[in-house]
Every structure is written in structure tokens, then in C-alpha cells.
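Chemist: According to TrEMBL, the protein carries these features:
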- 173-243: domain 'Ubiquitin-activating enzyme E1 FCCH' (DOMAIN)
- 245-313: domain 'Ubiquitin-activating enzyme E1 four-helix bundle' (DOMAIN)
- 394-830: domain 'THIF-type NAD/FAD binding fold' (DOMAIN)
- Cys575: active site, glycyl thioester intermediate (ACT_SITE)
- 581-740: domain 'Ubiquitin-activating enzyme SCCH' (DOMAIN)
- 759-789: domain 'Ubiquitin-activating enzyme SCCH' (DOMAIN)
Amino acid sequence: MAGSEEESRYSRQLYVLGGGARRLPGSAVLVSGLRGTGAQVATALVLAGTGRVVLHDFGAACTADRTHQFLLEESDLGQNRAEASQRALAELNPRVVHSLTDLAQVVVLTESPLEEQLRVGDFCHAQGICFIVADTKGLAGQLFCDFGERFVVDDPAEGDPVSAAVEHISQGNPGVVTYMGTENSHGHLFHDGDLVTFSGVQGMTELNGQEPVPVRVLDAFRLEINDTSSFSAYRCGGLVSQVQQPQECSHKPLSQALEDPKIQVANPEDLPRSCSLHTAFRALHAFRRERCRLPLPRAPADAEQVLELARSLGAQRDPLDEDLVRAFASVSAGDLCPVAAVVGALAAQEVLKAITGKFVPLEQWLYFDALECLALAGAAQLTETDCAPRGSRYDGQIAVFGANFQEELGHQKYLVVGAGAIGCELLKNFAMMGLAAGPDGELIVTDMDTVALSNLHRQLLYRSADISEPKSVVAAAAVQRMNPDVRVTAHQNQVGPATEMLYKDSFFRHLDGVASALDTMEARTYLERRCLRCRTPLLDSGTEGTQGNVMPMVPFLTEPLAPASTPRDGTFPMCTLRHFPRTIQHTLQWARDEFEGLFQLPAEQVNQFMEDPAFLEQQLPGKVLEQVWESLRERPQDWRDCVRWARRHWQRCYHDIITQLLHIYPPEHVSPAPQGWHPLHDTHLDYVLAAAHLFAQVHGVPPCRDRAAIQAILRDVVLPPFAPQEGIQIPLTEEPTDKAQVPTGEVPRYVPESSLVVDDDVHIDFITAASNLRAENYGISPANWLTSKRIAGRIVPAIITTTAAVAGLACLEVYKLVWGCQDLSCYRNSNINLSTCLMLRVQPPPAPTYWVGPSSLGKCSCWDRLEMRAVGADGQAMTVQEVLDWLQVSPALSALRSPWGMHGQILTPTSCRGRMAGP
């Protein structure tokens with residue numbers, strides 16, 4: 001039935017990690033090193049609900065730590081980093097214990113010497129402890145995993161196993177299964193070698209309950225299976241479902257993997273770069289061992305020494321990229337919060353894989369860098385003096401970009417739209433970076449929502465005490481605590497058509513940039529259109545489960561972001577929902593429709609009628625009046641009436657209508673089976689309990705949760721036998737004799753539909769039971785409470801690791817925007833998938849250009865604006881047709897149009913000519 005408080009808190013994470021997430025409370029992880037990367041790892045694990053997270057660090061917190069270690073406050077300076085971080089983490093999740101009484105399951109080392117890594121790595125490998133190294137230096141990061149020689153992945157794939165409704169199965173050797181595509185499927189659902197099972201097949205029943213069989217894909221809708229020649233003939237129905245098989249991985253210890261590295265890359269072309277970074281990190285360890293320090297920022301002599309050490313390490317698979325090694329070494333003393341966020345999030349996801357057995361772990365090395373930032377115009381000319389420490393909290397950032405750039409960051413004016421998971425991570429990074437921390441800086445965060453319990457596992461700026469408080473207000477206060485110099489303002493507004501008088505074009509033009517942290521494609525598309533119109537840089541970010549993406553939209557450089565595709569709104573053909581469901585998604589949508597039709601719309605109509613009977617004039621009077629009459633006529637007097645009503649409705653939905661359907665349609669056309677009432681059947685009783693509770697809630701009757709009492713009431717309910725009729729429509733109750741007489745009385749209370757996607761357990765209880773009962777009618781596998789809530793509530797799976805990585809990647813693009821970069825090759829579109837530990841960063845497509853009108857106009861793009869002087873030789877204004885004829889309108893003119901129409905102005909000087917309004 002209903003989910004526990006733990007499930008409510010971690011619901012979106014459970015959708016990502018599956019059943020393996022239940023191992024988290026009993027797990028223990030040691031995190032050594034509590035600077036930026038370690039803080040990100042520990043925070044993600046604490047928010048995810050890991051049972052014991054033990055922190056280790058010998059160092060004391062210093063001022064420079066505060067450019068990337070977001071757990072520290074001013075009062076923590078001089079104290080042990082681990083102890084100071086533990087206090088902050090305890091506020092995030094009091095359920096997590098920070099003491100260790102036995103060996104940890106996972107050990108994470110961050111920013112530790114190579115000698116320590118080798119020693120601890122060998123110990124962990126021998127003891128069967130999963131071992132992870134995560135390190136960041138300047139603009140680059142390194143990740144290593146050793147999960148032992150025989151690590152079993154229980155569930156390698158993301159999402160639910162694939163299933164499809166069977167259309168036909170041939171008798172033969174091999175048998176051929178024809179299945180139906182799903183509404184949202186693209187390409188093949190199955191792959192060669194997949195193992196599948198069958199359920200609900202009629203006729204060829206030998207397949208039902210059989211051991212998983214391998215398939216060979218013939219095309220997008222046909223599979224070959226084993227010999228079916230001796231089976232009964234297929235009649236109808238059935239579901240073919242993929243079976244996930246465990247997978248075994250084998251890792252070498254660090255001492256072996258260091259010399260013969262297996263490096264994971266998203267693109268084979270990136271392997272030489274990763275190999276050079278592998279050598280560069282080893283050379284940096286050697287430099288630090290010799291000099292007892294890191295290379296000084298922008299010190300050519302130190303960078304050359306690191307290069308010499310890299311050369312001395314011997315041959316590698318590909319030639320050493322010496323320029324890459326120099327660039328890496330020159331900023332290796334830097335500490336950047338965005339880089340720590342990316343690498344720390346990746347490391348935390350690997351920890352979750354080790355604990356839950358969900359997803360295949362990294363094999364075995366991963367390298368990440370944003371050294372393209374050093375190609376920014378003028379960045380190469382920075383000197384040791386420009387990047388020398390100032391005793392500032394931003395020294396780690398100054399070491400990479402210089403002191404003047406830090407001042408420019410303080411002047412920025414940015415808008416963050418959305419203070420959810422991504423928004424919290426962006427704001428945390430902005431606080432560490434010092435964005436808008438200058439006297440004329442401005443950081444605005446706006447969000448209409450309030451903090452909910454389910455936010456707490458992935459939105460680090462919120463605490464349990466903040467539940468029901470405005471997100472933007474709480475987030476702004478948290479930013480101020482992290483960095484009191486940031487000039488942050490909280491708004492509680494939606495950015496959309498309804499607020500265009502508040503967020504005018506002049507508001508957007510005043511901004512240096514906009515960061516989108518929205519969770520719907522429609523809202524993200526609207527924001528993109530506004531930024532395109534006003535030529536304001538936009539950073540668009542999004543996540544779903546372990547996948548995420550970042551796309552910068554830079555005026556005059558990049559093409560506009562792709563328009564939103566048709567949203568997956570969960571709609572299905574009505575005939576499929578009413579009579580021929582094939583999947584659990586169909587039965588859940590049917591159950592959701594039942595909820596709205598039974599408990600939402602009637603209450604809403606009665607409320608409107610009782611308050612203003614004239615509203616019928618704007619409706620279909622006969623139909624609505626009948627619905628109002630029916631709602632009031634059925635009004636219960638007490639809880640017993642509610643239970644009797646629920647029992648009658650159960651009979652109608654799961655016996656009578658199915659019996660009628662079988663009477664109307666031939667057996668080969670439909671395959672449902674009517675159910676008989678069983679008072680001890682849990683799902684039957686679950687349905688009556690939830691339906692009666694909601695019916696009572698609507699009519700203001702006190703509900704009861706006592707199952708024994710409900711069973712006693714049900715024993716007295718006797719329903720007449722049902723006889724099929726010559727027609728599909730089945731009345732729920734007797735027809736009223738006089739529909740003109742509407743009863744009066746207390747107005748029923750409206751049950752908000754939005755509760756489906758929040759935390760109202762009774763609503764989900766009803767939908768789960770209603771859906772599973774209908775699934776039983778049609779031989780469809782049922783769904784548990786949590787899965788039903790996700791599908792019916794259309795909830796997007798989410799996890800802190802993905803949001804942290806995406807926000808870090810977005811903030812790397814902020815550096816380029818603040819620098820004023822006009823070189824497209826420096827920007828990156830980023831796509832990540834943490835389930836496979838893959839990251840793809842590519843140059844954004846350029847803004848397309850077009851020839852428009854006379855050759856004197858030249859090329860233009862969607863970022864340009866056409867300003868015209870449209871006055872003829874006689875001094876009279878030209879007609880629209882004359883202007884169009886003059887422009888020699890072609891399809892390319894559409895480049896000058898945005899979703900807001902033509903960006904042109906009719907002016908009145910003495911001649912007729914056009915020019916492009918440049919940047």
C-alpha cells in the first residue's frame with residue numbers, strides 16, 4: 001500500500017537505483033580528503049541516505065578552501081576539515097551516522113599522494129573492499145575504480161525492463177513473435193541475445209511461466225524464439241518481457257592498472273587525450289614528491305619540469321600531447337568548484353554502484369578536463385603575478401583565471417530560473433565562484449514552489465525545517481551563508497507569459513546571463529525564446545535519472561536551442577484505455593482517469609453549481625446537470641455508505657463491464673477475464689478502502705482505516721447478479737426518476753488532482769489498486785505502489801549525482817561567458833550518462849546564416865535584427881507589399897523571424913535602405 005516516509009523522501013532516487021537502493025542504509029563508506037572533491041562526494045552520499053559516511057582529513061580549514069569547499073563557514077577556519085564538514089553534513093541528513101565500527105564497503109581517496117593511493121588500494125583489493133580514487137587539479141580531473149576481481153552487477157541497465165504486448169506467435173522452429181510498439185518507443189525494443197519471458201498468452205499457454213529464452217531480432221516488431229512447433233496454436237493476448245541478467249566485472253588493483261590503464265572514453269578519438277592526462281597526473285605526483293608542492297600558477301619553469309617528468313615515464317599507447325601537459329601543469333595548483341562538482345559527482349555515483357549493484361561500474365580510469373578555458377582570448381598571456389595568491393577565498397580560482405577575472409565575476413548580473421535540484425547546485429557553485437559578489441553584482445533566483453520532503457535527498461540547500469517554505473527564499477538565505485558577499489535576491493514568480501509585465505525585455509537585456517533550472521520542456525522553451533529575443537546568454541540544463549545535458553546559447557555564436565519535442569504526456573487512444581489495455585501504463589492511465597472522474601470532476605461541478613447555478617449556461621446543461629444530480633443523490637450519510645458505494649463500484653469495473661465486453665465482442669478480439677469478489681484478497685480490499693476513503697473525503701464524511709471493520713461492513717453487502725445487455729453502456733445505479741429536483745446540502749470538498757504528483761498516499765493507493773485489478777482482468781503484470789506513483793504522477797526520476805555533475809558543467813560555461821569569449825570553439829555542449837560513466841562534450845553548432853534580400857544586406861542569422869527605412873522616393877510610407885517586393889522575399893527570410901515575429905522597425909528617413917543591427 002502506501003509508501004513509508006523513507007520512500008517519500010527518496011522516491012525519485014528509488015526510481016533511478018531500483019531495489020538495490022534499499023541496501024544504502026546498511027552500508028558504510030570512508031571518504032578521505034575533505035577539500036572540494038571530497039566534500040562533493042560526501043554530500044551526495046549523505047543526501048542519498050548512505051547508512052554510515054566516515055570522514056577523514058588531517059588538514060585544517062583555510063581561507064582558500066572556501067572557493068570550492070561549500071560545507072565550511074567562516075567560523076570553521078583553523079579547525080579540522082573533517083570535523084567541520086561533519087557538522088554541516090549532519091544537518092543535511094540526521095539519519096546518516098558518521099562513525100565506523102567495522103570495515104567500510106567502499107573507500108574513497110580524494111587528492112591524496114600516489115604512494116598512499118597504492119598502499120590503500122592494495123589493502124582494499126586484498127580485503128574485497130571497493131576502492132575509488134577521485135582527484136582534481138585546476139581544470140582537470142581523474143577517477144579510478146577497483147571493485148575487485150569478481151564484482152557482480154545485479155541490474156546493469158537503466159530504467160524498467162522492456163516489455164511489449166504480443167500480437168501473434170507462430171508455430172514453428174524457430175517461433176516468430178510479433179509484438180506491438182509502445183506509444184513512446186523509438187527503434188528496436190529488444191536486442192539480439194536478450195532473455196525474455198511470456199505471461200498472459202492465450203492459446204499457446206506453454207510459453208507462460210517458462211524459463212527465460214533468448215531472442216534474435218528480425219525487425220522492429222518481430223523476434224525469433226525457440227521451437228514452438230509442438231505448442232498449442234496462439235489465440236490472443238500476452239506480454240513479452242525482457243529479463244535483466246546479472247553481469248560480472250573484473251578489476252585490477254591500482255598498482256597494476258597504473259602501468260596498463262583501461263581508460264573509458266565516450267569517443268575513441270578522445271583516447272589519446274585521456275592517455276596524455278593519465279601521464280600528466282603521474283608526472284604531477286612525481287613533481288610534488290620532489291618539490292613538496294604543486295607547480296606555481298603560470299610558472300613556465302615548473303610546467304616544463306612536469307613535462308620532463310612525463311617524458312621520463314616511458315612510452316604510452318599514443319604520442320604524448322606536450323602542449324596538453326604544459327597547460328595542465330600551469331594551472332594544476334588551482335581549485336575550481338565546478339570541476340570538483342563534476343568529478344565528485346561521478347565518484348559518488350560509482351560508490352552508489354558499489355553498494356546497490358545497480359549499473360556497470362567504470363572500467364577503470366576516467367579523465368575529464370575543461371582546458372579549452374585556457375584558449376580564451378588573453379588567457380594565455382596571464383602571468384605568475386596575475387595568478388599569484390592574494391590571501392583571498394578565491395585564490396584557487398585566481399590561480400587559473402587571474403585576479404582581474406575574479407573582479408569581473410563580482411560584477412555579473414544573473415538570473416537563475418528554478419530553485420530545485422539543478423538550481424540548488426548552480427547557486428552553490430555561484431556562491432563559491434563569487435558570481436555577483438561585487439558591489440554592483442546581482443543574482444536573482446525565482447521559483448514559485450515550496451520545499452517538500454521528497455526534495456531533501458537531492459537539493460542540498462534545504463533542511464527538514466524548511467519544508468513548506470518558499471524555495472527561492474530558503475535558497476537565497478543559504479547562498480548568503482555560504483558567501484555573504486553575494487548580492488542575491490529571491491523572487492517567487494513564474495517566468496512565463498503571465499509575468500511578462502514584470503520580466504520585460506528591458507529586464508532580460510539588463511542581465512549578463514540566464515541559467516535555466518526548469519523541469520518542463522515547455523518552460524525551458526519559453527525561456528529560450530525570451531533570451532533569443534533579447535540577445536541574452538542562456539545556459540540550459542536538464543536531467544532525467546542518470547542522464548543530463550548542458551547547452552549554452554551564446555548571442556551571435558551558437559544556434560538557438562532545439563525546439564521542444566512533443567512532450568510525453570501519457571495520453572493513449574481512448575479505445576485502448578477503455579477496452580483493450582496492453583501494458584501497465586495503459587491500466588495506470590485508466591486508473592488516473594477513474595480518480596479524476598469519480599473524485600475530482602463531480603466535486604468541482606457541484607461546487608460550481610451550488611455557488612453559481614448559472615454556470616450551466618456555459619456548459620452542456622443536460623449532461624452537467626445529470627452529473628451534478630448524480631453526485632448529490634449518491635451523497636453518503638456515514639462511513640458504511642462509503643464502503644457500500646466502493647464495493648458496488650468494484651463490481652461494476654472488474655466484473656460487470658468485463659462480462660459485458662465479452663458478450664459484445666468475439667473471444668478472438670478481446671481477452672479479459674471477469675473477477676469474482678474475494679473479501680480476503682488484499683488488492684480487492686485495498687481498492688475498497690482507498691475508494692471509500694476518497695468518497696468520504698469528497699463528501700465530508702469521517703473516514704476509517706480499520707480493515708477488519710470494513711470487512712464486517714462488506715459481509716452485509718449483497719449485490720444482484722449481472723446479466724449482459726445488448727449494448728456496452730452499463731448504468732452504475734438506477735436511473736433517477738426526476739432529474740429536475742436537485743438535492744440540497746453541504747457542498748462536497750474538492751480533491752485536488754495535483755496531489756497525484758505530490759505526497760498524498762490515499763490517492764496513489766486508489767490508483768495502484770485500481771490499475772492492478774484492471775491488469776489482472778487483462779493478464780498484465782501488476783506494478784508496485786512506488787512504480788505506480790511514478791507512472792501515474794508522471795514523475796521524472798532524479799538523483800543528486802546527476803544534478804551536481806550537470807550544474808558543474810554549466811558553470812564551466814559561465815567562466816567563458818564572463819570572459820566575454822567570442823570563439824565558438826571554446827564552448828561545449830555536454831551530455832552525460834552516469835549509469836555508463838560516459839561524458840560527451842562537443843562544440844555547439846554555429847548560428848546558421850542566410851542571404852536575405854538585396855546583396856547589400858549580406859548574411860544574417862536569427863540573432864540579427866532588420867531595421868528598415870521604408871519610405872518611397874515620393875516621401876510616402878511604403879506599403880507592406882512594396883517592402884516585401886523590395887526585399888525579394890525568399891524562404892531564408894524566416895531567419896529573421898523568431899517565435900515572437902519579425903524583429904524589424906519601420907522608420908521614416910528620406911531613403912529606402914536596410915542594414916543589419918550588429919552586436
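Glycine too: its Cβ is placed from the backbone N, Cα and C atoms.
Since this is a predicted model, take the numbers as computed values, not measurements.
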Chemist: Tell me, roughly as an integer, the mean pLDDT over the domain 'Ubiquitin-activating enzyme SCCH' (581-740).
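Modeler: Across the residues of the domain 'Ubiquitin-activating enzyme SCCH' (581-740) the model's pLDDT averages 77 on the 0 to 100 scale.
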Chemist: In the domain 'Ubiquitin-activating enzyme SCCH' (759-789), how many residues does DSSP call helix, how many strand, and how many coil?
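Modeler: Secondary-structure composition of the domain 'Ubiquitin-activating enzyme SCCH' (759-789): 22 helix, 0 strand, 9 coil.
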Chemist: What counts of helix, strand and coil residues does DSSP assign across the domain 'Ubiquitin-activating enzyme E1 four-helix bundle' (245-313)?
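Modeler: Going through the domain 'Ubiquitin-activating enzyme E1 four-helix bundle' (245-313) residue by residue, I get 41 helix, 4 strand, 24 coil.
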Chemist: When the domain 'Ubiquitin-activating enzyme E1 FCCH' (173-243) is classified with DSSP, how many of its residues are helical, how many are strand and how many are coil?
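Modeler: Looking at the domain 'Ubiquitin-activating enzyme E1 FCCH' (173-243) with DSSP, the answer is 3 helix, 26 strand, 42 coil.
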